[in-house]
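Pulled from TrEMBL:
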type	residues	note
COILED	426-458	coiled coil
COMPBIAS	326-360	compositional bias 'Basic and acidic residues'
DOMAIN	102-174	domain 'J'
DOMAIN	454-509	domain 'Myb-like'
DOMAIN	542-588	domain 'Myb-like'
REGION	295-314	region 'Disordered'
REGION	326-365	region 'Disordered'
Amino acid sequence: MTMSVVDPLAVAIFGFASEVRKNPEPAGLSYESNRIRDLLALGRCTLPVFKGGSLVKNGSSIPSDMGDFADKELRYDLFDKDDEKYEKFLFRLNPSDFKNQDHYKVLGLSKLRYMATMEEIRYCYRAKVLKHHPDKKKHRGISIESEEYFTCITKAYEQLGTNEQKRLAYDSVDNKFDDEIPTDKSVTKENFFQTFPPIFERNSRWSIPKPVPLLGTQDSSRKEVEAFYNFWFDFKSWREFSYLDEEAKESAEDRYERREMEKINRVERERRKKEETRRIRKLVDLSYAKDPRIAQFKKDDQNEKERVKEEKRKVKLAKQEEEERLRKEAEEAERKKIEEAEQLEREQKEKLKKEKDAAKKAMTVQRKRFKKLAETASFWTEDPKEKLEEMERVERLCLSTSVDQLSELCEKIENLSVGEDIKQTIGQFEEDLKNAKMQEVEAKKADKDKENDEKNVNVGNWTSEELQLLIKASNTYPSGTSERWTLIAAYINEHRKNKSGPEKTAKQVIKQVKAVQSMNVKLPEATQNKLADGVVTDDETWSAQEQKVFETALKQYPASLSDRWDKIANDVGTKSKKACIRRFKELVQMVKNRKTAES
C-alpha cells in the first residue's frame, strides 16, 4: 500500500483553515426563564412556539418570538417604525416625568392612538420589550449607558394595556386631541357644513350612548336634525380628568393625608368636568345658532304660526260677521215682533174701546130704558117719600148692575103692570145681586184661607228645635253676610239632634224665614214659648263700633290671662262678660260654618 506524503511546508504557506461558525441562537435556562417571565407579565401563553414556519399578516412578517399573535387581526401598516429615530426619541425621555410623555408614541401607536385595540397595544409592547429590553441589548452586544429608558415603555404599557379605566383616563387628556371650537365670527352659512361635522365627529368619542347621530347635510329631515340636537343638548360624556391629579395619594403617609389628597383631586376633577361640559354646550349652542336648517325651520314655524293666526283671524271675522248677521236678523225679527205686538195691542185697545163704547152705549140705553120705565110708572107709587126711595134705588141699580143684569130686569118689569109686583121683582133682584156678591167674597176668602193653610203646612215641617236654630243662626249670620242662607242651612243641619231627616236647603230657609216674619201663620204654643228664649236681647245685638272694640280687645288680651274676659268686657263697656264669651263662641262657629260651606 502506497502512503501519500504531505508536504510540511503547506501549513506554513497556506496557513490554518478558518473556523466556520453559525450565528448563535438564544438558548439556555436563563434565556427561557426570562422569556417565560415576560410572557407571564404580558398575560400570554408560556407554551413553546413553533419557529420553523413563516407567519405573515397583511403582508408583514411576524418575528419568531411573536408567534402567538399570528391569528390576530392587527393593523401593522399603521404601527410606527422602530428605527434609529425612535431610539433617539426613547433615550430623550425622562423616566421621572413619565406622566407627560406620549404613551402611544412610546409604544409605536401614535397613528392609531385611542383607536388601537388592546391586542395591538400588547403586540407593540411585546415587540418593544423583545428589542429594547436592556438584557436583550446586552445580549446582542449593544452597550447602553442607562437602563432607565425602559421604564418609559413599562409605564406606557401600564397606563394603556393593563387597565381599561387607566387607558380611558389617559385618553381623556390626550394632548393630541383638539379641544378647540370655532368662533362666532368664523362660521358662516356657506362654511357651516365644512366646519362643524369634523368637530362633532371628533367630540363624539366622549359619548356614553352609542351610536352618536351625525350632523347631516342641508337635505336632512327635520326629525333627523332635531334628534341630533336633542342628543347633543343632553350630551352624556365619559371623559374624566383623574390622570391630571396633582396629588399622588399613594405617597400619603397616613389615611388622613390620603383623604385630604382625594378631596383636593376630587374638587379639581369636578372643576375640569364642568369646564368640559361648558365647552360642549358652547359648541352645540354655536352650531344651533349658525345652522341654516334651524333658521329655515324657525322661519317655517313662523310662517305656519302666521298662517294659523291668519286662519284664526278669518274664522273670527267670519264668526263676527255671522254673529252680526244673526244679531241684525234677531233685531229685525224682534222689531217686527214688537211692531206686531204693538199693532195687536192697538187693535185690542181699539176693540176694547169699541166694546167699552158699545157696552157704555148699551148701558146708557138700558139705564135710560130702566129710568124711563120708572118715570113712566111714576116710580110705581104716589107717595112722595116712597117715590124718593124708589128714585134712589133706581139710581143705585143703574150704577151697581151690569148691562145684562139691567136688561134682564127691564124685561121683567115690562112684562108686569102692577106696581107692587114690579117693586117686589126689583127687591128680589137686589137680593139676588147681594147674594151673588157675598158668594164672590166668600170664594176669595176661601182662596186666601187655602194659601194660609199651605203656609201652615210649611211651618209644620219644621220642629221647634229647628225653628230655634233658625233664629239663632239668623242672629249669628246677620244681613250682608256672604252666602248667608247657605251658612244658616248648614248651621241648622249641623246642630239639630235628629239628623236622619232630609237636610234643609237655602231655599227652604228663605221660605221659612218669610213665613215666620209675615205673621200670617200661627205657630204651636210650645214652639212660641221656645222661640221666646231665642229673641234677640240687647246683649246679643252688637253694633259695628262694639264689634270693632271687641276684636281689638281679643287681640290685646291673650288667652293666657286669667281675667281676660273681665278686661274685654270692661273695654267694650256696653256688654257683660257672659255676652262677650257668647259672642266669641258665635264668631268661632261662624268661621267653622263658613269653611264647611266652602268645602
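Placed from the backbone N, Cα and C atoms, the Cβ positions cover glycine too.
Note: TrEMBL annotation is automatic and uncurated.
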Tally of DSSP helical, extended and coil residues in the domain 'J' (102-174): 49 helix, 0 strand, 24 coil
PLDDT averaged over every residue in the domain 'J' (102-174): 86
Within the domain 'Myb-like' (542-588), residues counted as helix, strand or coil by DSSP: 34 helix, 0 strand, 13 coil
